[in-house]
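One structure is given below, encoded as structure tokens.
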Amino acid sequence: MRQTGLASLPLKSLAVAVLLSLAGTPALAADIPANVDGARIIAADKEPGNWMSTGRTYDEQRYSPLKQISDQNVGQLGLAWSYKLDLDRGVEATPIVVDGAMYTTGPFSVVYALDARDGRLIWKYDPQSDRHRAGEACCDAVNRGVAVWKGKVYVGVLDGRLEAIDAKTGQRAWSVDTRADHKRSYTITGAPRVVNGKVVIGNGGAEFGVRGYVTAYDAETGKEAWRFYTVPGDPKLPPEGKGMEIAAKTWFGDAYVEQGGGGTAWDSFAYDPELNLLYIGVGNGSLWDPKWRSQAKGDNLFLSSIVAVNADTGEYVWHYQTTPGDAWDYTATQHMILAELPIDGKPRKVLMQAPKNGFFYVIDRATGELLSAKGIVPQSWTKGMDMKTGRPILDEENAAYWKNGKRNLVTPAFWGAHDWQPMSYNPDTGLVYIPAHIMSAYYEHIPEAPKRNPFKSMYQLGLRTGMMPEGAEGLLEMAKSWSGKLIAWDPVKQQAAWEVPYVTIFNGGTLSTAGNLVFEGSADGRVIAYAADTGEKLWEQPAASGVMAAPVTYSVDGEQYVTFMAGWGGAFSTFAGALSLRAGVQPYAQVLTYKLGGTAKLQEPAPRPDTPKPPALSNDTASIEAGAKLYDGYCSQCHGIHAVSGGVLPDLRKLTPEKHQMFLGILFGGRVPDGMPSFADAFTPEQVDQIHQYLIKRAHDLHQEGDTWKQFSAKSSH
């Protein structure tokens with residue numbers, strides 16, 4: 001049942017929650033389920049059986065003191081239970097576990113409350129996300145999880161709402177629309193954090209042209225407490241606070257006002273209770289090309305920056321910019337970890353981050369001073385770090401595409417050396433465990449200033465990037481050039497202690513434990529445990545799908561469990577579908593929970609249907625070429641470049657005869673339950689036919705190249 005309005009609802013209303021078998025469930029064992037507050041999170045080590053915040057603790061270390069499962073017995077792990085999610089798309093959530101109840105999310109921000117002992121559903125809450133707006137999300141209809149506080153569960157909804165749910169009943173308590181401008185493509189995929197009674201959430205949308213900000217809301221009522229903008233607005237208007245006074249001086253011209261400027265804080269936060277500082281990871285610019293965004297001038301603060309603000313007021317305190325004047329989608333939204341490290345023989349309270357640009361940063365978290373920075377993967381865009389200025393040294397010949405007149409092959413590329421998949425820190429080993437990428441892509445300046453496209457589901461990048469060969473052999477060669485690895489990084493020595501290779505990128509986030517273990521899922525469909533000190537693989541089982549999310553561990557009734565959220569999807573398998581086929585998996589979304597001696601059976605997806613024979617190929621090459629351009633501009637971000645899908649959304653080369661007959665109706669009518677908008681305002685019937693003819697041509701290519709496509713899947717031997 002759809003809920004409307006922003007007011008609190010009566011408790012007797014069930015919203016869209018499903019209540020099952022409430023009597024005797026662990027969620028009701030406590031007087032108030034999910035009864036978490038700041039003091040409890042700060043003292044989390046006193047109750048290590050719970051996982052009460054996204055990173056377990058405010059320092060976001062993703063380290064658990066539990067050690068019933070250890071390097072001595074992890075080989076005895078077996079599946080304890082599984083729970084099948086409703087929709088097979090990308091799964092990125094970190095579950096929250098409190099007092100025997102698990103709270104997690106699936107695609108389109110659906111929230112599940114499960115019995116952490118056996119996976120029984122307690123309730124399910126569907127926020128009825130406006131699914132036709134899924135095309136306004138850059139990277140699939142994903143969600144990275146919830147927050148809990150004093151009996152409420154908080155979720156950011158894909159369409160821009162923040163909602164509070166009663167943890168006992170699954171009913172909506174309040175809802176707020178976080179969007180500052182409904183004409184812009186704002187979305188939410190990140191997990192909220194709750195600090196000092198305030199729910200903090202950012203947003204996504206920089207690829208579509210928005211202005212980024214972070215907002216804090218009263219956890220009890222949903223009333224806005226403060227908002228911090230990450231990039232300046234109209235220079236004709238007064239700046240919003242000290243932060244924007246500083247930032248405005250680093251932007252030039254006024255093109256960014258129409259473009260939005262970007263700087264969305266779509267994922268990472270951390271909090272230091274002693275300093276009362278909230279750390280915000282800020283994203284890329286709108287547009288990507290700095291010439292069209294800011295006349296190729298200025299640092300464009302606070303793009304690609306870590307910003308510290310007062311947690312109570314949202315007032316600016318300090319910033320450190322990882323990539324001044326970002327031009328490559330080198331966000332600083334990646335996971336931040338707070339720790340105390342020995343630096344030059346003295347203990348320092350630091351913030352650590354491995355953002356997309358390939359450096360690993362150690363920063364004084366009180367002042368923002370850069371203490372050290374080293375590259376964790378090959379970097380063609382920079383010649384190193386100037387420690388006197390704290391700025392990377394740009395390699396203009398190999399990366400400054402907006403002024404060197406070249407199509408530059410840049411490493412790392414837009415999904416970075418490390419993306420949203422969380423890293424973890426183990427204070428016992430002193431190592432940070434990073435799910436890293438090795439990838440390159442072309443960036444090319446366009447000679448004319450781009451005009452904003454009014455169609456809200458269209459990328460607004462201001463350059464050419466992501467170019468790939470069309471033929472299967474060229475795509476296979478490119479796919480083999482992208483790889484992943486798990487890096488155990490020593491943040492004091494700034495060097496790798498050990499590494500484990502993977503066949504492709506987008507492997508899962510990591511969890512480390514006092515049992516000398518590191519857990520990680522892989523893109524090619526495995527869940528794995530390594531020895532935290534040496535990297536030796538100690539345990540592995542199939543996961544029935546790719547695993548991108550970070551696992552958690554908890555205990556109930558004295559028994560330790562490890563949970564992975566499995567489900568292939570996200571940006572890699574949509575936009576770069578052909579390259580993602582290296583993983584050799586299909587989307588199959590489920591919660592997988594393991595314990596010592598577990599004997600449950602893994603659920604597997606059904607085999608894919610055979611590829612239909614395509615209709616007759618048109619000899620109208622002009623229409624096919626026109627259709628290719630339209631497809632590239634409007635369709636590739638979801639269905640894949642060159643119409644090669646990674647399997648999360650339909651591969652349009654494999655349409656059935658019925659779908660070919662319905663093609664015009666599908667594009668003009670949309671498929672809202674699946675997240676596909678109507679394109680009636682974007683295309684004429686003639687243009688739809690051109691796209692259709694192009695897809696038929698690509699279907700014929702598929703049949704001719706069939707043997708090569710069979711070589712794409714390459715499961716890792718590790």
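Placed from the backbone N, Cα and C atoms, the Cβ positions cover glycine too.
Per Swiss-Prot, these features apply:
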| type | residues | note |
| --- | --- | --- |
| ACT_SITE | Asp329 | active site, proton acceptor |
| BINDING | Glu92, Arg144, Thr189, Gly205, Ala206, Thr264, Lys356, Asp419, Trp420, Ala571 | pyrroloquinoline quinone binding site |
| BINDING | Glu207, Asn284, Asp329 | Ca(2+) binding site |
| BINDING | Cys635, Cys638, His639, Met676 | heme c binding site |
| DISULFID | Cys138-Cys139 | disulfide bond |
| SIGNAL | 1-29 | signal peptide |
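Within 10 Å of the C-beta of Met676 (heme c binding site) we count 21 further C-beta atoms, all protein chains included. Here His639 (heme c binding site) is compared against the recorded positions Cys139, Ala206, Asp329, Lys356, Trp420, and the shortest C-alpha distance is to Cys139. Highest local Cβ density among the recorded positions Cys138, Cys139, Ala206, Cys635, Cys638 belongs to Ala206, counted as other Cβ atoms within 10 Å over all protein chains shown. Between the farthest pair of Cα atoms in the heme c binding residues (Cys635, Cys638, His639, Met676), the distance is 11 Å. Under a cutoff of 8 A between CB atoms, and with a sequence separation of 6+ in the same chain, the neighbours of Asp329 (active site, proton acceptor) are Asn284, Trp288, Lys356, Phe414, Gly416. When the CA atoms are compared, the recorded positions lying within 10 A of Ala206 (pyrroloquinoline quinone binding site) are Cys138, out of the candidates Cys138, Cys139, Cys638. The subset of recorded positions (Glu92, Cys138, Glu207, Trp420) lying with their Cα within 10 Å of the Cα of Cys638 (heme c binding site) consists of Cys138, given in sequence order. Site extent for pyrroloquinoline quinone: among the recorded binding residues Glu92, Arg144, Thr189, Gly205, Ala206, Thr264, Lys356, Asp419, Trp420, Ala571, the largest C-alpha separation is 20 Å.
Ranked by how many other Cβ atoms sit within 10 Å of their Cβ, the binding-site residues Glu92, Glu207 place Glu207 at the bottom. Distance between Cα atoms for Cys635 (heme c binding site) and Cys139 (disulfide bond): 13 Å, as a whole number.
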